[in-house]
Amino acid sequence: MTIKIGINGFGRIGRMVFRAAIANFKDIEVVAINDLLEPDYLAYMLKYDSVHGRFDGEVSVDGNTLVVNGKKIRLTAVKDPAELKWGEVGADVVVESTGIFLTKEGAQKHIDAGAKKVIMSAPSKDDTPMFVYGVNHGTYKGEAIISNASCTTNCLAPVAKVLNDKWGIKRGLMTTVHAATATQKTVDGPSNKDWRGGRGILENIIPSSTGAAKAVGVVIPQLNKKLTGMSFRVPTSDVSVVDLTVELEKAASYDEICAEMKAQSQGALKGVLGYTEDKVVATDFRGDARTSIFDAEAGIALDGTFIKVVSWYDNEWGYSNKVLEMARVVAK
């Protein structure tokens, strides 16, 4: 069965979802894209990417149609999702990647326009069910509108799950050292809500807030109110790393923790959690479709119950691949 996807918002994640569908998901077909940019410019942005390189395929525009490798994709430039007529293209799932419609009320407009299901490519701003593929996707019960959480939650949740399932997490703090995103400015500029966020990313390490750790408590209810975290935005274009420091309920050696991470990466969490003992750095994970790659050489332990684990993630490519894994789940 071919799953037909619509994409609302052709920014970083929208374009990476499209590329991932072409590269890794032969059962998924993108049938429509909605974005306010001109068709020629959308094609250009798809063809050329400063982080992930040139698109491997043929891209052209015919009026309001994007033609990719001979397949026609409807293009629209509509502000109100209720007017998108997803039913006309048979969209099974709409990926909501504008960052705007992050409530059930907003996403419902896609359903009203004919979409069967909606996946928000960001944490929801209400009680919309949140899923991390590999961690709690098995609890999906047919909801029409879901959130795929954040890229950082997709990295943190698998390692937190392994630790909690085996030894129990009493409490923990997370820091993500996060590549720059579209919210960063190249030079200092106005940012009313987040003054630090308005400083130029080329010259700075910028402390920032993140709800990623608290969101793990939604995805893994046993960890509710046990984790919180913060972020440092750094002058890199892609690939981020989670540093999770926890107090365990039961004692474990660091070697035992590494062994369990390795076992899970080859077992139940294969394709989601990775494991490495190599002397790696950020760019080594660019283009990695897994959302959390445990770095055995980077973590440390103070004693049996106080440990720090480190896990890498391509915050664009890995996350976008898991959006499509969730699309498979909700389309069944």
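For all residues, glycine too, the Cβ spot is worked out from N, Cα and C.
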Recorded D-glyceraldehyde 3-phosphate site member, picked from Thr128, Thr181, Thr186, Thr276, that accompanies Ser150, Cys151, Thr152, Thr210, Gly211, Arg233 in Swiss-Prot: Thr181
Where His178 (site 'Activates thiol group during catalysis') sits in the secondary structure, as DSSP reduces it to three classes: strand
Euclidean distance between Cα atoms of His178 (site 'Activates thiol group during catalysis') and Arg233 (D-glyceraldehyde 3-phosphate binding site), Å: 5
CB-centroid shell, 8 A cutoff, D-glyceraldehyde 3-phosphate site Ser150, Cys151, Thr152, Thr181, Thr210, Gly211, Arg233, site residues removed: Thr176, His178, Ala212, Ser231, Ser240, Asn315
Cα separation, Arg12 (NAD(+) binding site) to Ser150 (D-glyceraldehyde 3-phosphate binding site) (Å, whole number): 14
Ile13, His178, Asn315 filtered to the recorded positions whose C-alpha is within 10 Å of Thr152 (D-glyceraldehyde 3-phosphate binding site): His178, Asn315
